[in-house]
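Feature annotation from TrEMBL assigns active site, nucleophile to CYS411. Taken from TrEMBL, the feature active site applies to CYS411. The S-adenosyl-L-methionine binding site annotation in TrEMBL covers GLN286, TYR315, GLU336, ASP384. According to TrEMBL, the feature domain 'TRAM' maps to 3-61.
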Amino acid sequence: MNTIQKNDIKDGEVIDLTHEGHGVVKIDNYPIFVPNALIDEKIEYKIIKVKKNFAIGKLMNVKQESKERIEPPCVYYTKCGGCQLQHMSYPAQLAMKKEQVVNLFHRKGDFKETTINDTVGMDNPWRYRNKSQIPVGLSHDKNVKMGFYRQRSHDIIDMDECLIQDDQHQQVMNVVKQLFNDLKVSIYNERSKQGLMRHVVIRTGYHSDDLMIIFVTNGKKFKQAPTIIEKLLKAFPNVTNIKQNINKTHSNVIMGDESITLYGKDKIEDSLSEVTFKISDRSFYQINSAQTEKLYQLAIDYAQLSGDEIVLDTYCGIGTISLSMASQVKHVYGVEVVPEAIADAQQNATLNQLENTTFVCGKAEDTILKWQQEGIQPDVVMVDPPRKGCDESFIQTLLTLTPQKIVYISCNPATQQRDAAMLQEKYKLIEITPVDMFPQTTHVETVALFELK
Ligand SMILES: C[S@@+](CC[C@H](N)C(=O)[O-])C[C@H]1O[C@@H](n2cnc3c(N)ncnc32)[C@H](O)[C@@H]1O
């Protein structure tokens with residue numbers, strides 16, 4: 001019988017970490033999850049929530065610190081919901097991410113023979129985000145607030161720096177905030193659904209110096225736009241695109257369907273591993289470019305290409321993987337559900353003179369079946385789905401297509417493990433490498449190699 005009560009103050013030792021980075025303490029096998037506590041630490045904590053199968057504790061005091069505990073460098077860290085692991089040394093973050101994959105595949109899954117490599121980390125795990133989506137709001141005294149949301153809320157923490165964003169993004173954010181205040185730009189209120197400015201989205205090229213600024217507004221009329229554009233161009237001579245995106249929906253989706261170019265080019269340009277890409281404002285593009293180059297290289301190495309392969313690149317976005325591989329294979333077929341992304345992929349193929357590519361807009365699960373019916377027999381299938389993983393029918397078609405190799409990139413190892421369990425019928429999961437695309441956060445990205453049995 002569990003005698004733990006809300007507000008109890010307890011002592012305990014942290015024996016494990018959850019995938020959210022919370023410390024785990026146990027009392028008679030009953031787990032208490034304590035955010036910000038690290039493995040091996042002796043802590044004092046207060047029970048703040050009691051459930052049938054677990055409780056939540058609040059860290060009150062660290063009585064014996066882990067050697068992996070560090071001082072979080074960001075002043076907003078304890079309030080902001082953006083990062084979860086700044087109190088943990090970077091080597092410990094990388095080890096935690098590998099451990100999560102080991103847990104899923106070796107302990108819970110049936111993949112004891114699969115090699116799980118160390119997490120590929122960054123030399124400098126800060127200021128890596130090439131895209132920032134910054135919510136805009138008003139403080140009680142009617143000053144413009146821009147920053148990120150408080151943990152598990154939509155309350156904006158006003159900040160002038162974020163250590164995981166590209167350096168230039170905060171400079172843009174601070175100038176824009178001042179302009180919104182000075183020019184009395186109407187600010188959107190999530191509760192009343194009134195007001196104009198909702199978000200500012202900033203994108204930078206990693207190898208190019210392109211800088212794109214997008215104002216996401218609840219309506220078209222943005223009368224201060226000409227003055228704001230003039231001031232931004234003066235402050236940031238490398239601005240290549242200024243856009244307005246109209247989002248009148250009442251949902252949490254940041255961008256709406258309509259975009260207007262207010263200044264400069266329609267798309268931002270960047271390159272990855274010597275392939276050039278034009279990217280529309282709403283197309284998916286990996287946010288950590290330095291790690292993306294490593295991720296793609298690993299995926300291409302796993303495919304062990306000889307030059308004769310037919311490759312399917314499923315969930316291809318703007319064709320970044322397809323075009324990075326195209327010069328090393330016979331033909332690549334890419335499929336993606338977002339029409340703008342496929343238009344980008346087609347334009348990018350022409351831009352890079354990679355003619356052995358075909359891009360189709362559609363659902364991966366439908367298109368792969370069509371390709372099969374057309375007699376396309378792939379040697380390698382690249383798979384890079386969103387967090388929910390693949391549709392079951394997609395996996396079933398893969399099992400009848402039987403390519404020699406499947407290279408599966410995932411931003412959610414739990415759904416990757418679920419899909420791997422289905423592929424096991426005909427495929428051996430040879431190797432998985434976690435790649436740290438999101439340092440300081442609990443997100444884990446992996447690339448896995450499957451070979452036909
Ligand atoms: C994780 S991203 C990967 C994109 C690309 N491979 C890259 O590295 O930039 C997943 C992509 O899958 C697309 N997507 C989501 N569901 C899909 C589906 N059912 N069929 C095809 N594409 C889908 C999304 O629009 C997104 O571009």
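Backbone N, Cα and C define each Cβ position, glycine as well.
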Taking helix as H, G and I and strand as E and B in DSSP, count the residues of the domain 'TRAM' (3-61) in helix, strand and coil.
0 helix, 33 strand, 26 coil
For S-adenosyl-L-methionine, with binders GLN286, TYR315, GLU336, ASP384, what's the maximum Cα separation in whole Å?
15
Integer Å distance between the CA atoms belonging to CYS411 (active site, nucleophile) and ASP384 (S-adenosyl-L-methionine binding site):
8
Mean pLDDT for the domain 'TRAM' (3-61), as a whole number?
95
If you count other C-beta atoms within 10 angstroms, which of the binding-site residues GLU336, ASP384 is the most crowded?
GLU336
Note the Cβ centroid of GLN286, TYR315, GLU336, ASP384, the recorded S-adenosyl-L-methionine site, then list each other residue of that chain whose Cβ lies within 8 Å of it, in sequence.
PHE284, ASP313, CYS316, GLY317, THR320, ILE321, PRO385, ILE409
In the chain carrying TYR315 (S-adenosyl-L-methionine binding site), residues 6 or more apart in sequence that have Cβ under 8 angstroms from it:
VAL335, GLU336, ALA364, VAL383, ASP384, PRO385, PRO386
